[in-house]
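Below: the structure, in structure tokens.
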């Protein structure tokens, strides 16, 4: 069967036994380095994409994406909510009252950020109802003094659904016995599991009960918004505040959690750059191996030229050999990287559980998230192919410039 001469010779040189085994070792190292570089880069970027997704869906699904608050209670918050909802970027709105305090139960004490909510509105702006382990946010009813807590907080306080927990406010109340802290007993009616950070920090109670605790009239402190595009949060919050600029103050997630999001983006860029250097080093190894191969095959090149081989043919022969290393390394790395990206979360989860290692305790989620993006895979593989091709140009041209007469004179 006919095959182009350059391809035939290039593949034959790739498979042929070399007089200098060190050249074969360098070629193998180049191929393995390229495989590992591509595989690790695909895997790590998939993990960083997973953290990015979890931040957007879990953390930003619970914290307010954009809010407007008032120094005084807003009695007609429904009218304000309807005005804000007219903004095309606003998907849903919900009223809230925020207060800080401490929870005590079974001798345990923990600080907490309590949000008074209206359940029918709240489940439209947060993901809490999707992550309830027990009970429901609909159990929060004014006057019942019920509370919904995160699973980590429930475990820390030794609670079960139906148990009583005491909320202590930092405000004091005068009494005949002196000044005593203000506190109220609540009944645990629901447990959610979103992330360690959120579970240990956030609690929900009925908005009416929150107003009662703070001795406020009926109403809301502010309106929180769920947006179609979270990156427009600053502008949306500013527009909402202009509905009543003397009374409303804008805020958004970029002020409260923007640093975390920025850190993940920076880590993704820096880790990607560092791992990309592995591919570059592998490409330089291809250059080294081909240069040594050209030196080793000088006599063969000279003989080919005496039989009429053109410089273009000689160039193509060694480019084929370099590209074989690049293609095998890149394809193998891509397959390995995709497999690792799809399975590393389950694999590390099994290791974490089997050996009780607590690998994820330092993160805002208790598992390793991954999200394989095929555009990333395409960019990585294309770049690897391109670097492999560029790595062949100098050695191939050097081979094409060999002079047969001078070379064969010393053979």
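Every residue gets a Cβ built from N, Cα and C, even glycine.
Residues or ranges marked as domain 'MacB-like periplasmic core' by TrEMBL: 27-240. The domain 'ABC3 transporter permease C-terminal' annotation in TrEMBL covers 273-404. Among the features that TrEMBL reports, transmembrane segment is placed at 26-48, 271-293, 313-340, 374-394.
For the transmembrane segment (313-340), same-chain residues at least 6 beyond its ends with a Cβ under 8 Å from one of its own Cβ atoms are 5-7, 9-11, 13-14, 27, 30-43, 282-283, 286, 289-290, 293-294, 301, 304-305, 372, 377, 380-381, 384-385, 387-389, 391-393, 395-397, 399-400, 402. Sequence-remote contacts of a segment are chain residues at least 6 beyond its ends whose Cβ falls under 8 Å from one of its Cβ atoms, and for the transmembrane segment (26-48) they are 264, 267-268, 271-272, 275-276, 278-279, 281-283, 285-286, 288-289, 292-293, 325-326, 328-330, 332-334, 336-338, 340-341, 344, 368-373, 376-377, 380-381, 384, 388. Here the domain 'ABC3 transporter permease C-terminal' (273-404) returns a mean pLDDT of 80 for the predicted model.
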